[in-house]
């Protein structure tokens, strides 16, 4: 009997420790009674969008990352700019996110079946999980119960980890969100369904340094293929760029294999191979896709739970505060 009591107390303590980084009590079953159709509605909306736009996978996953990295996962990335304020979505790193219409459509449907119930922040988190799963990646139970923030500032996007970051900068940026080195390398694997515009990596292809025209950490043949996709004279079109691994819309471990072959598109991607703190993780995931999938699901829950607060609202329109 005494043993059972100690076991129960230990379990309660464990749950408290896990939940502590988030000030809100997130729960996988949060909408089971108030909006049981929520996840189905979001999934069907995402499926429909993918049929018409192959870049939806990357954009929705990036939306989740960028939203959570700024103020915690509070859907601040969805708010439109006003005359007096430039919002996050118009900050330079978010110009390529797009696909906001997917969240708009899902929210419109949700407002019909369960008004003022499902937060935009939870819609983003569920949609991010769905695009990973629909692309062949892992499934995880999304913890729900987030509230939507009322503030969004474009200048705060400077806090997002950049494509030119070295490993130390990446580690510091992720650590500020309660994420470990392993979480950082794992979540970087989201680039397996990523797309980048030329502006994020063109500095690696021309006049890289005083001694090298091209970044010497890159595979030479790979740089030539990127130069064709991003010619100096014409690389500003919305489709000018490249997918971040060779399997485009398939969620797999090819991203890590590309890094081992010195074909990481971003400087921050390729840097993972050159640092002893991260190289072993890249090598592990490159040979063991199951390990990558398992850790990715865990790290996504961890990121989605960081900094979440109970203050805020359930926004009716994703683009405007109530």
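Yeah, the Cβs are placed from backbone N, Cα and C, and that goes for glycine too.
Owing to the predicted nature of the structure, the values given are computational and were not obtained by experimental measurement.
As annotated by TrEMBL, signal peptide applies to 1-19. The feature domain 'Plant heme peroxidase family profile' is assigned by TrEMBL to 25-322. What TrEMBL lists as disulfide bond is 35-114, 68-73, 198-230. The feature site 'Transition state stabilizer' is assigned by TrEMBL to 62. Under the heading active site, proton acceptor, TrEMBL lists 66. Marked as Ca(2+) 1 binding site by TrEMBL: 67, 72, 74, 76, 88. What TrEMBL records for 161 is substrate binding site. Feature annotation from TrEMBL assigns heme b binding site to 191. Residues annotated as Ca(2+) 2 binding site in TrEMBL: 192, 245, 248, 252.
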Which one, from the binding-site residues 67, 74, 245, has the smallest tally of other C-beta atoms lying within 10 Å of its C-beta?
245
Which residue, out of the disulfide-bonded residues 73, 114, 198, 230, shows the minimum number of other Cβ atoms inside 10 Å of its Cβ in this structure?
114
Cβ neighbour count (10 Å, all chains) around residue 191 (heme b binding site) is 26
Excluding its own, the Cβ atoms lying within 10 Å of the Cβ of residue 248 (Ca(2+) 2 binding site) add up to 18
Tertiary neighbours of residue 62 (site 'Transition state stabilizer') (same chain, Cβ under 8 Å, six or more apart)
96, 97, 190, 194
Quick note, residue 192 (Ca(2+) 2 binding site): same-chain residues at least 6 apart with CB under 8 Å of its CB -> 244, 245, 247, 250, 251, 252, 253, 254, 255
Pairwise CA distance, residue 88 (Ca(2+) 1 binding site) versus residue 114 (disulfide bond), rounded so that it is a whole Å:
28
Shell list (Ca(2+) 1; ref centroid = CB of 67, 72, 74, 76, 88; cutoff 8 A):
68, 70, 71, 73, 75, 77, 121, 149, 152
Taking Cα atoms as reference points, which of the recorded positions 66, 67, 161, 248 is nearest to residue 73 (disulfide bond)?
67
Chain-internal residues, separated by at least six, CB under 8 A from residue 76 (Ca(2+) 1 binding site)
67, 70, 87, 88, 148, 149, 151, 152
